[in-house]
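S.K.: Sharing the features that Swiss-Prot gives for it:
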- 1-18: signal peptide (SIGNAL)
- Asn44: N-linked glycosylation site (CARBOHYD)
- Asn104: N-linked glycosylation site (CARBOHYD)
- Asn124: N-linked glycosylation site (CARBOHYD)
- Asn239: N-linked glycosylation site (CARBOHYD)
- Asp309: active site (ACT_SITE)
- Asn444: N-linked glycosylation site (CARBOHYD)
- Asn618: N-linked glycosylation site (CARBOHYD)
Amino acid sequence: MNLQLTLISLLFFTSAIAETFKNLDSHPQFPCKPPHFSSYPFCNVSLSIKQRAISLVSLLMLPEKIGQLSNTAASVPRLGIPPYEWWSESLHGLADNGPGVSFNGSISAATSFPQVIVSAASFNRTLWYEIGSAVAVEGRAMYNGGQAGLTFWAPNINVFRDPRWGRGQETPGEDPKVVSEYGVEFVRGFQEKKKRKVLKRRFSDDVDDDRHDDDADGKLMLSACCKHFTAYDLEKWGNFTRYDFNAVVTEQDMEDTYQPPFETCIRDGKASCLMCSYNAVNGVPACAQGDLLQKARVEWGFEGYITSDCDAVATIFAYQGYTKSPEEAVADAIKAGVDINCGTYMLRHTQSAIEQGKVSEELVDRALLNLFAVQLRLGLFDGDPRRGQYGKLGSNDICSSDHRKLALEATRQGIVLLKNDHKLLPLNKNHVSSLAIVGPMANNISNMGGTYTGKPCQRKTLFTELLEYVKKTSYASGCSDVSCDSDTGFGEAVAIAKGADFVIVVAGLDLSQETEDKDRVSLSLPGKQKDLVSHVAAVSKKPVILVLTGGGPVDVTFAKNDPRIGSIIWIGYPGETGGQALAEIIFGDFNPGGRLPTTWYPESFTDVAMSDMHMRANSSRGYPGRTYRFYTGPQVYSFGTGLSYTKFEYKILSAPIRLSLSELLPQQSSHKKQLQHGEELRYLQLDDVIVNSCESLRFNVRVHVSNTGEIDGSHVVMLFSKMPPVLSGVPEKQLIGYDRVHVRSNEMMETVFVIDPCKQLSVANDVGKRVIPLGSHVLFLGDLQHSLSVEF
C-alpha cells in the first residue's frame with residue numbers, strides 16, 4: 001500500500017510539473033469548465049465558500065492533497081482542476097522574481113512604482129492605497145493574459161530595525177505605526193473588490209459593480225500577503241544568515257515593535273495571506289511556532305492561508321537543526337499552521353510524515369481548506385474569468401497613462417530634500433546654460449527600482465531626464481560602478497565639473513551593496529565615492545548638488561558639513577519615473593515635501609551587533625538602542641527630516657490639557673482597589689479596560705498649518721508624544737499622528753489628529769502588556785509643545 005501511494009504521488013507530481021512549465025497560454029487555465037466539470041458542488045456559486053471548500057477537499061485522494069502543498073500546486077485532471085502557481089510578486093509593481101509572473105507573453109512590461117521606502121517617505125496614506133489599487137489592476141490584467149496568478153506575496157511589513165539590512169528598502173521604514181498603516185492601505189487597495197473611485201472607470205460597462213455587494217462577502221480582487229512573520233531583518237551578518245539566525249526578542253519589543261504591523265495588517269487590512277519567516281524566534285523556527293501562527297488566527301481573526309518563505313520549512317531541519325528529520329520538520333510546520341510550502345519540501349516529505357504518524361491527514365485537510373477558501377474568494381472556481389467582473393481588464397490597463405502619472409506622483413512625494421544651503425535649489429532653468437552630471441548611477445537604468453522590480457514601462461536614466469531641461473549637459477561616471485574601487489575616472493569627472501554652471505553628483509547605493517541575502521557592513525558611501533564627491537566639489541563653480549540613491553541610510557556627515565556641497569537630495573530607488581521627478585524638483589517644477597522614514601546613523605553604529613534584537617537602549621552595556629523611538633546616540637539625519645522650498649508654521653488651535661481614564665475600568669478592577677488602599681497608580685493596564693471603552697476617550701488635536709513662503713507646497717505634519725518615564729523602556733518619543741497637506745503660498749489650512757489614547761499613548765511593559773502611563777504626556781508639533789495630563 002505504501003509503495004502504491006508513493007508511485008501515485010510521483011505520477012501526480014510529475015504531471016503537475018509538466019503542466020506548469022508548458023508555454024504560457026494567452027488565457028488563464030481555470031477549473032469548473034462546462035459541461036463535464038461544472039456540476040461539482042465546489043463549482044456551485046450559490047453555496048458558501050466554506051461548503052465549497054469542504055466539498056472539494058472531500059473529493060481528493062491523499063496524493064492529490066499532498067500535491068497542493070507546494071507553491072506550484074499540482075493539477076487534479078479527474079476533477080478538471082489545472083495546476084496553480086501561488087507565488088507571484090507585486091512589492092511595488094508586478095515583478096518576475098517568482099514563477100507566477102512572466103513578461104514573455106503579449107504583455108512585456110508593467111508600471112514600476114518607486115521602491116516602498118520611497119513611497120513611505122511621502123507619508124501619504126491615500127497614495128499608498130492608490131498604488132495598491134493600481135498594481136492590482138495590472139495584476140488582474142496580467143492574469144487574464146495568462147501571465148500571472150491571483151495570489152501575490154507582498155507587502156513586506158518588517159520594521160527597518162538596523163540600517164545595514166539589505167531588504168530595508170522593501171519596507172515602509174522604522175516606525176511601527178507608519179509600517180502598520182502602509183500595510184493596511186496597500187492591502188486594502190490591492191484586495192478590495194470595490195475600490196475607492198480607482199476602478200470605477202475600468203470595469204466593463206455591462207458590469208454593475210454595486211450588485212457585487214461590498215467586500216463584506218469576503219470576495220477578493222487579488223490576494224495580498226503580509227510578510228515576513230516575524231522579527232525578520234537580517235540577511236548575512238557576521239556568522240549569521242537568515243536561514244539559521246535565532247532572533248532573541250523580549251516580550252516588550254515583540255509587543256510594541258515587531259508585531260503591530262502584522263496585527264493591523266490582519267485586523268484592519270484583512271490580509272488573506274501571511275508568510276512565516278526563515279529565522280527562529282526565541283529558539284523556535286517561525287514556521288514551526290504554533291503559538292505565533294495560531295495567535296494570528298485566534299486572537300487577530302486571520303482568515304487566509306499561511307505560506308512559508310521559500311524553503312523555510314526545509315531550514316527547520318537542514319539549517320536550524322530544530323528537528324531530527326525532514327518528516328518532523330514538515331509535521332511541525334503543518335501542526336503549527338503552515339498551509340503551503342514555497343518549495344518542494346512538503347511534496348517530498350508529507351506522505352512519509354503521515355506514514356510515520358508524525359502528522360495526521362486531518363491537519364493536511366485543514367491546510368487545504370484554508371488554501372481553497374482563498375482561491376474560492378478570488379473566484380477561481382466560478383468559471384471562465386473572461387466573463388467575470390474583471391474579465392475585460394487587459395494590456396490597455398497596464399502601463400496606462402493614469403498609472404504612470406501615479407508612479408510619478410509617488411516619486412515626487414517621496415523624494416527628500418536634506419540640505420539646501422543659501423537656497424541653492426531650485427535652479428532657474430532659464431539661467432542654467434550648462435550642467436555636469438557625475439556618478440555611476442546617474443546614467444544607469446538597471447537599479448532604478450531596487451529589489452523586486454519587473455520590466456518597467458519606460459527606461460530613462462536620471463541623466464536622460466535632466467538633459468530635457470538643459471541641452472548642454474555632460475556626463476562622466478567618475479567610477480566604473482557603485483563599488484568605486486578606483487579613482488581612474490576622477491579626471492574626466494573633474495574636467496566636466498570645471499566647465500559647467502552647476503554640478504550634480506549622483507552617489508549612494510545600488511543592489512550590489514544592499515539586497516536580499518546581502519546586508520551592508522558599512523554605512524559610509526561605498527569605495528572611493530566620498531573622494532569623488534569631494535574632488536568634484538573642490539573645482540565646481542557653484543556648490544555641488546549631491547543626489548543620494550539607495551534604500552538604507554548613509555553616513556554623509558562630510559557632505560552635510562561641507563559648504564561646497566550646497567544641497568543634498570535623497571531619491572532612494574525612485575522607479576521608472578525617478579529621473580523626471582528629480583529633474584522637476586531640481587528645477588522647481590515640484591516643491592519637495594518627503595520626510596525620512598528612517599534614522600540616518602553615523603558609521604560608528606556599525607560597532608553595534610546587528611544580531612542584537614533589543615530596541616531599547618542599555619547604558620550599562622554601552623548599547624545605544626535602535627530607531628528614533630529608542631536610539632540615544634548621535635545622528636546624521638533624524639527620522640522625519642525633510643526640507644521644502646517654502647516655510648511652514650504651526651499653531652495648535654485646540655487640544656485637551658487633561659484626560660481622565662477612570663471610566664475605562666469596571667468598579668471592581670485591581671487598579672481601583674489600589675487607589676482605595678492608598679497605593680500609587682503609575683499606569684493603567686489595558687487588559688483591565690472595559691471592552692470598546694477606549695473609543696469614548698478619543699480626542700482631537702486641531703492644528704493650523706500656514707505656508708509663509710512664496711511657493712505652494714505639500715507638507716507632512718507630524719505629531720509626536722513623549723510619555724512620562726513611570727516604567728522602564730518608554731520611548732524617547734513616538735509618532736502618534738501625521739498628515740500630508742497641500743498649502744498655497746501665504747495661505748493656511750486646518751488639519752485634525754484623532755488620538756486614541758489606548759493606541760497612541762500606550763506602551764508595552766516589560767512582560768509585553770500594553771499600558772498607558774499616568775502623568776504628563778508632552779505632545780510635540782515641530783517646535784511647539786503641549787502638555788496633556790493623563791489621570792485616573
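Glycine is treated like the rest: Cβ placed from N, Cα and C.
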S.K.: Using the structure shown, find which entry in Asn104, Asn618 (the glycosylation sites) has the sparsest Cβ neighbourhood within 10 Å.
M.R.: Asn104
S.K.: Taking only same-chain residues 6+ apart in sequence, whose CB is under 8 Å from that of Asn44 (N-linked glycosylation site), what do you get?
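M.R.: Looking at Cβ-Cβ distances below 8 Å from Asn44 (N-linked glycosylation site), excluding near sequence neighbours, one finds Arg52.
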S.K.: Taking the Cβ of Asn124 (N-linked glycosylation site) as centre, how many other Cβ atoms lie within 10 Å?
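M.R.: Here the count is 25.
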S.K.: To which of the glycosylation sites Asn239, Asn444 does the lowest count of other Cβ atoms within 10 Å belong?
M.R.: Asn239
S.K.: Taking just the CA atoms, what is the gap between Asn124 (N-linked glycosylation site) and the residue listed as 'active site' in Å?
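M.R.: About 29 Å separate the Cα atoms of these two residues.
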S.K.: Looking at the recorded positions listed here (Asn104, Asp309, Asn444, Asn618), whose Cα lies nearest to that of Asn239 (N-linked glycosylation site)?
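M.R.: Closest candidate to Asn239 (N-linked glycosylation site), judged by Cα separation, is Asp309.
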S.K.: Between Asn444 (N-linked glycosylation site) and Asn104 (N-linked glycosylation site), how far is it from one CA atom to the other, in Å?
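M.R.: Rounded to a whole number, the Cα-Cα distance is 23 Å.
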S.K.: Could you give the Cα-Cα distance between Asn618 (N-linked glycosylation site) and Asn104 (N-linked glycosylation site), in whole Å?
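M.R.: Computed Cα spacing between Asn618 (N-linked glycosylation site) and Asn104 (N-linked glycosylation site) is 53 Å.
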S.K.: I need the CA-to-CA distance for Asn104 (N-linked glycosylation site) versus the residue listed as 'active site', whole Å please.
M.R.: 25
